[in-house]
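Everything below concerns the one structure shown next.
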Amino acid sequence: MGDKSTPLLAVLQLLRKYNLKGTEEILRKEASLGDVEYESLDLPEVEIASILTAHHTESDPYSYEFAYDSLKKFIENSLDIYKHELSTLLYPVFVHMYLLLILYDHTEHAVKFLEKFGPEQEDYYQDDLAKLSIVKSKDQIKGNELAEIYSSNKFEVQLSRDASAQLKRFLQEQKSSTVIINIINNHIQIDVHDGPGRTQAQVRATAGGLLGEATKNENRTKVYYGLLKEPDIQVLPLPVEDEEETEETPDKPKKKKAKKDNIFMKKPKSDPNAPPNDRIPLPELKETDKIEKVKALRAKRVQLGPDCLPSICFYTLLNSGNTAICADICDDSTLLSVGFNNSTIKVWTLTPVRLRGMKSAEKLQDIDREAGDVLVRMMEEKDRDTCRTLYGHSGPVYKVGFDQFKTMLLSCSEDSTIRLWSLQCWTCLVVYRGHVWPVWDVKWSPHGHYFASSGHDRTARLWATDHHQPLRIFAGHLSDVDCVQFHPNSNYIATGSCDRTVRVWDCLTGTQVRIMTGHKSAIFTLAFSVCGRWLVSGGSMGDILVWDISNGGLTAALPPSHTSPIHALAFSRDGTILSSGSLDCNIKLWDFALITDETPSEETGSNTSVPKEEKFLLRSFATKNSPIKSLHFTRRNLLLGVGTYEGSS
């Protein structure tokens with residue numbers, strides 16, 4: 001029977017008490033009550049009275065407005081140390097009162113209630129209220145995404161012990177508060193914490209989620225955010241010597257490499273937060289891949305900082321109208337791919353070396369497969385081009401991504417599929433079907449083999465290139481999962497959603513290990529720091545937040561700088577500079593070393609913390625009229641950007 005039928009059981013027992021058998025029988029049939037449930041009717045009289053009184057109050061439309069008004073006045077008159085925390089109760093109570101008025105068929109009262117108290121709610125809830133205002137009858141509650149979320153989940157509110165005691169005292173004193181008590185008992189989860197009440201700034205920093213704040217217990221799991229010990233480091237000197245053509249004496253490079261070897265061996269050892277290398281199975285590196293990794297490690301990198309900002313090279317797509325949706329540049333910065341809304345993908349070469357096609361099947365039979373340069377021999381000499389087009393999707397392409405060794409490309413589309421393309425034969429190798437709605441994002445694991453996707457079906461999925469079905473399905477978001485990002489050690493993925501939460505998932509167990517609230521808008525892009533400890537998220541209102549993965553806390557909210565959704569975030573190779581690109585046609589450079597600097601300089605005095613935040617933004621670069629689609633730092637720390645020219649505004 002469940003809780004909802006308690007008023008019904010109370011009425012039945014009352015009818016039995018006054019011996020009204022006919023009415024009792026009719027009610028029993030209508031409620032289709034079994035004999036067992038009927039026989040077990042044994043509620044004490046006091047309880048019957050309170051149930052029926054509460055039911056009467058709940059069905060009285062005027063009691064809602066009065067109860068909400070009294071709660072609002074109580075919060076406004078509370079001391080400042082309680083006021084800001086208690087104010088987080090107003091929105092969930094307001095929403096559930098509106099839904100209850102609809103349930104009891106008081107549509108007119110519900111509309112007036114929404115008109116009177118709706119505009120008072122926080123600005124970031126106004127879009128949700130606009131969606132809720134469509135609900136005008138009981139039947140529409142089931143079809144409305146938000147109404148269903150609020151009806152079937154509890155809203156999370158965090159109060160200090162003292163604020164919670166104040167609330168209890170108020171509810172006990174107020175006769176009209178049965179409605180509020182029932183809403184709190186059924187739909188709100190109050191998490192009581194020790195210590196003083198939080199300030200307005202502290203409350204606002206974590207507010208904004210569709211279902212309130214994240215609980216402290218949600219973020220208690222240990223996260224291994226350290227970097228993996230590189231398995232191929234000891235093999236480095238060999239290919240490096242092969243590659244080193246200019247050096248004639250082999251001793252010098254050996255000495256240099258020995259130093260480098262030590263640096264790479266020390267880092268993982270001193271990192272207690274790194275997961276074991278065999279925590280998840282990672283693919284064995286081929287010889288060609290090892291050489292590619294060595295090239296990346298040997299690149300002479302420019303050390304960036306506030307006094308040495310990167311140069312920016314911007315690639316503008318001309319005459320593409322609004323058709324170019326996404327872009328990606330490969331790890332060694334030689335290839336650029338762009339996904340279009342006409343279902344095609346184009347791949348351009350960014351160097352004088354042209355793109356070659358594969359030889360025909362007859363010619364391939366003559367090649368020695370054991371040769372070291374077999375991949376080069378497979379390619380046609382004459383068939384060279386600066387651009388290749390890939391056909392296969394049947395809907396707009398929302399994301400493209402090169403793998404680490406630029407042999408393959410991933411793409412996802414509105415047609416709910418993910419495709420894996422070969423960059424040697426320029427054809428589609430596999431179509432992954434798992435999502436049932438559009439797929440918004442797809443990302444390669446930093447170690448290859450695995451990739452993650454997210455979509456409109458509110459899930460993110462972990463895949464391996466050799467499996468048709470996903471290895472893990474990460475479910476928990478309440479709305480579209482707009483972006484997904486792999487942790488540098490490949491053990492975790494982060495997701496950002498329209499429900500205004502950022503979540504981190506463990507690839508090994510498939511469980512959620514972090515949930516972070518604080519965004520006031522949908523989250524469109526994510527980026528992990530080079531060291532793996534920090535996660536940066538960009539929202540649709542131009543907001544950028546920095547999270548600490550070790551505890552799930554908010555490290556910094558960057559000063560408002562962008563005015564449109566952020567679609568690109570990229571870290572310099574040394575992790576000191578963060579770049580953000582937005583649809584407002586601006587690229588901004590941030591001093592990430594200063595943002596995550598944990599020295600307590602701001603605690604020495606209130607006047608020092610203001611300049612620190614002002615120093616976060618190092619420089620802003622405007623394009624003519626090209627919204628930024630993608631940002632990428634080369635191995636030498638040159639920043640590459642990609643955008644579409646939208647004509648003179």
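For all residues, glycine too, the Cβ spot is worked out from N, Cα and C.
Going by TrEMBL, these are the annotated features:
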- 260-270: compositional bias 'Basic and acidic residues' (COMPBIAS)
- 59-188: domain 'TFIID subunit TAF5 NTD2' (DOMAIN)
- 237-283: region 'Disordered' (REGION)
- 390-424: repeat 'WD' (REPEAT)
- 432-473: repeat 'WD' (REPEAT)
- 474-515: repeat 'WD' (REPEAT)
- 516-557: repeat 'WD' (REPEAT)
- 559-591: repeat 'WD' (REPEAT)
DSSP helix/strand/coil residue counts for the repeat 'WD' (432-473): 0 helix, 22 strand, 20 coil
Residue numbers, six or more beyond the limits of the repeat 'WD' (474-515), whose CB comes under 8 Å of its CB atoms: 124, 145, 149, 153, 208-211, 214, 218-219, 221, 223-228, 274-275, 279-280, 282, 440-447, 450, 452-456, 458-462, 521-528, 530-532, 535, 537, 545, 547, 549, 552
DSSP residue counts for the repeat 'WD' (559-591), split into helix, strand and coil: 0 helix, 18 strand, 15 coil
Model confidence over the repeat 'WD' (390-424), averaged pLDDT: 89
